[in-house]
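Peer 1: According to TrEMBL:
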DOMAIN    33-76  domain 'P-type ATPase N-terminal'
BINDING   D386, T388, D768, D772  Mg(2+) binding site
BINDING   D386, K387, T388, E472, K538, R569, G650, D651, R742, K748, N771, D772  ATP binding site
ACT_SITE  D386  active site, 4-aspartylphosphate intermediate
DOMAIN    802-887  domain 'P-type ATPase C-terminal'
Amino acid sequence: MTQERSEIRISGRIRGLNGRVRSGQNAQNLACYNLLTFVPIFLYEQFTQLPNLYFLLIAGLQQIPDISPTGRWGTIGTLSILLGLTFIRDVIEDLRRRATDVKINNRRTFVFSQDHFQCTKWKDVIVGDILEIVKDDIVPADCILLTSSEPLGISYIDTAHLDGESNLKVRQALFGVSYLVTNEDVCDFNCTIELEPQTKDLNEFRAILRHQNKIYQIGLGQFLPRGVTLRNTDWVLGIVIATGYETKQLMNAKISNPTKVSQFDAKVSKIIGALLLGLILLCLICATIHTLDVCRNPALSYTDADDVLCDPSWFLFFSSFLRLLILFHNVVPVSLLATVQIIRLIQSYHIKNDVEIFSEAYNKGATVQNSQLNEMLGQVQYIFSDKTGTITKNKLKFKKCSIGGMVLEPSVDAKGLLSLLKGCQCSRSSSRTCSVDCQQIRDMFQAMVLCHTVIPQKNEKGQEFFVGSPDEKAILQGCADFGISKFVGRDPANNAFISYRGQRFKYSVLYVLEYTSERKMMSTILKTEDGQILMYSKGADSAILSLLKVPPDPMHIIDLEHFAGDGLRTMCYAYKLLEPHFFHMWENKWLQAISQITQRSQKVTEALGAIETELEFLGITGVEDELQDEAKSSIQKLLKANINIWILSGDRQENAVSTAKRAGLIHDHIPLILIPDCDLDEARDIACDHVAKFREENLASKCHALVLVVAGRSIGHCHDCPKLKNHLLELCMCSTTVICYRVDPKQKADLIQMIQKKSGKVTLAIGDGSNDVPMLQTAHIGIGISGIPDEHIQFHGSEAASVADYAIAEFRGLPKLVLSHGAQNSLRVANMVCFFFYKSVTFHLIQLWFLLFSKWSGQPVFDRFTTSLHNLAFTFLPPFALTLMDQYDGGPWSTQTLVVPIFALLPDFIAKAFSRHRFERELPSSDFEEDRQTLISLSESLPRIRSRIQLKNLARGFAFSENEPKSVRESECFVAYSRSFNRPKS
């Protein structure tokens, strides 16, 4: 079924033409509960867990009169304490998420209402509002750009928090509406927008705007998605076309924060389920023996209680079964769950106060928001990491460049380069003959300072700084360090000014052909002061080298490989001198292409291909993306622990691969497989070829020597092609490291989900931005980087840290969290569980042994307080201390302490339980008279016993409850009954 377009009406004078204005339409809600749903949802989640449901059943059975041998309040009291602790923990964690929601929803923006812009909270923004967004502010909702403070309606946005890309994106307003400057213009503005159905794809947007009887086609170039940051532009005006969970950002994120359950809890539930089956079987056997024994041996002659022995055998069996079930219910200790909750809180305290995780640079430590996963940290097999801001600092530094076969570094070759250029005054328009190196160096440095989208600005102290893509800022700073060329600035007429060896030059910027992931390059067309038209291009080597008129010198290829081997982000530069006649023909073609309503992308691609060809090579730059402190050593520690580390980045392939090389994830001797950004058929064929190759060469067993590099688009094809999905997963399972580039937030989550289903291993995701939220929620464990500051946005990283299970300030804290706290917690809790089951089983073995001497009646050998407090108080401290203070020395761990005592007692128990003469003993005849008098005095107290079940037990010669006054001790009753029953027949 095809979805229809939606229509939005906008009026500057009337707000809310598209529906009732109400608060909260644009609100984000990461909290799991509210006041009405908290208790029902909490109880549902708790009692869908087998242990809690079991103890609730036992607590209910204990309330039945004459059934429970252990009292009425022991289990329900302990269960209430357990649920209370869990309730408090969930409330605290949900309040923390709600505080983050409030902080985000109460951010301020400017909405046009009542003839002027008013300060409004984010949550109160509605569809159809006209917003004013100022520099360095975050866009609160999906908007269409109307106008901006820059010439031609151009604006720059930073999408790093949305898709992970560090370079700025250019947006340009429609020419027909860019006149909106004053409040009067906005007040008189009216239009209608027809929207295509909203999708999750961040790179897809189409709409039609109708204004003053004209139709304008709107595309990605006018789209401002929620979550992007306005850069290099004083202000923009935009129309809100989607709010809340209809925006692309929140559509890619999960609507609610999922409840994660520890695998430890799941395993304990399985153990409890097995114990319950064994317990039920034991109770059935004991109840059957008891029923048969009573039916064969009616009331003793001296009890005078025939009136209470008339119950049918099925009722006797059922009541005995329930009594035995309650008697042995602590084989599954309810105090175990309460102890685990307390242990987890103390473990969380240790994690928060770990000085090795604490970051002095950012004055932050670790935060635990889901203590249930403390044990799973030690079971992690796959780590999925974001790149920008997580492994790297996103602070780039210009390291070196290659020009004319020379490798130059600012800190080493600046003076020598100035000496080389001394006396060189030539230009391309002059008639003088210059050396090739001199002219190529000049062109290269001009290309570096002109082919970019950076805007220089001054701060409050008057210091100049660059605002723009980190790559471009690093290159400009490198040029300034050489002391040869410098980018000065731009003017409103779209002129660029540079300084070359002290002389100032002016260039008119005619067109900027933007960088896209498909092209992997950008170009700038300029006009010099003497009328020449030049085009400078830069991009990935795979894009630039294929467009050259003449192949580059082999030395450049060698330098390119060396730069890449050093882990640098490489960029190739080229130029082309354009003839005026050719340029004007191309300009007409370009203007027609960008104004097309249908087949626009195809026409634009053709126009770009017509001019970006037959380029002349200039040189190569190498930029280093600085890694986080101790990031490489941290990754090596995790690799030594046999943990697979994957990088999921929205950045370009070259940047992702270079970062992986510098982090030690990729080595030259390890084969690398590439599945590029391509359509479904091509991706399937490439994957099939690689899988067939590895199967033939039997390399599947050599999974330690393979690196897979795959594009996000190819991952997205897996939903439509199961064959591609299976081949891709097979390659992933044979790789120690997988590098995924150009992946959007949903593709990150989908990939993690596929690996979880395929491997069944514990996965961990770590990231710092809102684009990482889906993968943090999908992975078994999500860790947010909270300490990396943004120079403009105070909330940077808050989205990831708020929804994550754990938050750390820097990546270097991950090994300590996983390999130390995680491993220790996992082993300690595992030992504690075995300790608990061991002491519970051994405690109840005494009771089971006692059944042999009480005719399987279910009479407790211990009083109710001893039974209730055995696990909760008497034996609580040893496993508690073991779990908190035990240090793992690396030796093997076994369950011998649990298994051996049980099997040592089992043969003797079986022999006693199934022996036909288990009650036949040789007793002195002098004791019989005394025993008989004891039972007679016992029978005389029958009228004072109010409990029917006690009356029955007493009539049959069993022991009775200690609650009744004026009765003999039950131990005397057991001994007397046993001796009388086994009296030798005369």
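Numbers here mean position along the shown chain, with the first residue as 1.
The backbone N, Cα and C atoms fix where each Cβ goes, and this holds for glycine too.
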Peer 1: Residue counts in helix (H, G, I), strand (E, B) and coil for the domain 'P-type ATPase N-terminal' (33-76), per DSSP?
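Peer 2: Taking the domain 'P-type ATPase N-terminal' (33-76) as a whole: 25 helix, 0 strand, 19 coil.
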Peer 1: Based on Cβ atoms within 10 Å, give me the single least packed residue among the binding-site residues D386, D768, D772.
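Peer 2: The binding-site residues D386, D768, D772 were compared, and D386 has the fewest Cβ atoms within 10 Å.
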Peer 1: Using DSSP, what's the helix, strand and coil tally for the domain 'P-type ATPase C-terminal' (802-887)?
Peer 2: 61 helix, 3 strand, 22 coil
Peer 1: For K538 (ATP binding site) and D772 (Mg(2+) binding site), what Cα-Cα distance in Å is obtained after rounding to a whole number?
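Peer 2: It is 29 Å, counting Cα to Cα.
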Peer 1: Take the domain 'P-type ATPase N-terminal' (33-76) and average the pLDDT across it for me.
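Peer 2: The answer is 76, the mean pLDDT of the model over that range.
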Peer 1: To the nearest whole angstrom, state the Cα distance for the pair N771 (ATP binding site) and D386 (Mg(2+) binding site).
Peer 2: 9
Peer 1: Quick one: among the binding-site residues T388, N771, which has the most Cβ atoms sitting within 10 Å of its own Cβ?
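Peer 2: Answer returned by the neighbour count: N771.
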Peer 1: How big is the gap, in Å, between the Cα of R742 (ATP binding site) and that of D768 (Mg(2+) binding site), rounded to a whole number?
Peer 2: 17
Peer 1: Sequence order is fine: just name those binding-site residues in D386, T388, D768 with a Cα within 10 angstroms of G650 (ATP binding site).
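Peer 2: Within 10 Å of G650 (ATP binding site): D386, T388.
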Peer 1: When you measure from the Cβ of R742 (ATP binding site), how many other Cβ atoms are you left with inside 10 Å?
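Peer 2: The answer is 25 other Cβ atoms.
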